[in-house]
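A.B. asks: Structure below; questions to follow.
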Amino acid sequence: MTHSAILGSKTYNQYFPKLTPGQLAENGKIKVIVGMSGGVDSSVSAFILQQQGYQVEGLFMKNWEEDDDTDYCTAAADLADAQAVCDKLGIRLHKINFATEYWDNVFEHFLSEYKAGRTPNPDILCNKEIKFKAFLEYAAEDLGADYIATGHYVRRSGPDHDAHLLRGLDNNKDQSYFLHALSKKQVGQSLFPVGEVEKTVVRAVAEELGLITAKKKDSTGICFIGERKFKDFLARFLPAQPGDIKTTEGEVIGRHQGLMYHTLGQRKGLGIGGIKGKDENAWYVVEKDLKNNVLVVAQGHDNSALQSSGLIAKQLTWVSEQPLRKTLHCTVKTRYRQTDIACEVVPVNDDTVEVHFDEPQIAVTPGQSAVFYQGEECLGGGIIETQIK
């Protein structure tokens, strides 16, 4: 009898279907390794799977070697929390260090993108290369897992061999944007227990179980940077090259510390304002001119220089693993938490698409991901190469 047989949650019983003895017995033959991050979502995911009868074990992975960064890196505290949750649930916690793989497959790419003037999203690459690749392989080969599970707010449908990725039920927390680069094979080997409910339900279950992570705040920002200033972190790895800030007319109105510190559509932190002969409208970054090391800015949120009618995306990944062969009418997100944009996606070749928005959009940022949806289903996406004006 596991500890969780003694632990109970009224909220769990209310939101999750009760399985028959037959279903529980079937699930009892299946081993699931849960990625325990030390957060509330993975904690409750482990409990849900236990309640559903699976053989559950946890795996905590470390992806970053802190040197003197203990103030910023929460790895030790997260491991302690993950261990406390596993002890309470009565499950085993394995540990693995993927710092080398992370550096080689995620961090080096992150730096090279910044060097090239783009704004990358390392979380997407981490999911593709580490959580659903290195982690998945280790869980299957070394720990004998039939599936892995994570605390992501997404859902899956279809059989394992033809799995589809869907948005999480909680629209506010949906994380399909970050998982769009997974293949149907990776989705088919994964379970997402909290994707079927809202975040408030997850917190309530954790409270009722008395889990140490119940009130822990969600992690935000890039995992290897933690709470520290992004600028300071980047400066340790990439030398900054200060240069001019110019208006779209070519007038120099200030200096920047380095193009890599700025992103398209940015308004704050430009250090310009109250310029003689200019109105009070806020300044926005509209271009990063790498060749001349110039940051180009324009005034006003609705300035046409900020807008684009579409984008070109490359490095495409489709969950179905089938390249796009004909024009697709769907919706796209060009950043996380954005409202879906109706669009037309035109294949140029297997690795490039042109995306035409129904309405012009602002701050479409090279290096970020364009992610495509058909209703609830996340189809895949690519890296934004350039805007179409």
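Any Cβ shown, glycine's included, is placed from N, Cα and C.
Per Swiss-Prot, the feature ATP binding site maps to Gly35, Met36, Ser37, Gly38, Gly39, Val40, Asp41, Ser42, Met61, Gly151; the stated evidence is sequence analysis. The annotation active site, nucleophile is assigned in Swiss-Prot to Cys126 on the grounds of sequence analysis. Annotation source Swiss-Prot lists disulfide bond at Cys126-Cys223. The site 'Interaction with tRNA' annotation in Swiss-Prot covers His152, Gln368 and is backed by sequence analysis. According to Swiss-Prot, the feature active site, cysteine persulfide intermediate maps to Cys223.
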A.B. asks: Give me the largest Cα to Cα distance among Gly35, Met36, Ser37, Gly38, Gly39, Val40, Asp41, Ser42, Met61, Gly151, the residues the record lists as binding ATP, in Å as a whole number.
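C.D. replies: Max span of the ATP binding residues, Cα based, is 16 Å.
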A.B. asks: Please report the DSSP secondary structure of Gly35 (ATP binding site), reduced to three states.
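C.D. replies: Looking at the DSSP assignment, Gly35 (ATP binding site) belongs to a strand.
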A.B. asks: Could you say whether, by DSSP, the residue listed as 'active site, nucleophile' belongs to a helix, a strand or a coil region?
C.D. replies: helix
A.B. asks: Cα-Cα, whole number of Å: Ser37 (ATP binding site) versus Gln368 (site 'Interaction with tRNA')?
C.D. replies: 25
A.B. asks: I want to verify one value. Collapsing DSSP to three states, which class is Asp41 (ATP binding site)?
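C.D. replies: Reduced to three states, the DSSP call for Asp41 (ATP binding site) is helix.
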A.B. asks: Whole-number Å distance between the CA of Gln368 (site 'Interaction with tRNA') and the CA of the residue listed as 'active site, nucleophile'?
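C.D. replies: It is 14 Å, counting Cα to Cα.
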A.B. asks: Using all protein chains in view, find how many other C-beta atoms are within 10 Å of the C-beta of Met61 (ATP binding site).
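C.D. replies: Its Cβ has 23 other Cβ atoms within 10 Å.
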A.B. asks: Near His152 (site 'Interaction with tRNA'), which residues of its chain come within a Cβ-Cβ distance under 8 Å, counting only those 6 or more away in sequence?
C.D. replies: Asp41, Gly168, Gln175, Phe178, Leu179, Phe192, Val194, Gly195
A.B. asks: Give me the long-range Cβ neighbours of Cys223 (disulfide bond): same chain, 6+ apart, Cβ under 8 Å, in sequence order.
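C.D. replies: Asn63, Trp64, Pro122, Asp123, Cys126 - these are the non-local Cβ neighbours of Cys223 (disulfide bond), listed in sequence order.
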A.B. asks: Validating a neighbour-count step here. Other CB atoms within 10 A of the CB of Ser37 (ATP binding site): how many?
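C.D. replies: Other Cβ atoms found within 10 Å: 23.
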A.B. asks: Which ones in the same chain are close to Gly39 (ATP binding site), with CB under 8 Å and 6+ residues apart in sequence?
C.D. replies: Asp78, Asp81, Gly151, Thr213, Lys216, Asp218, Ser219
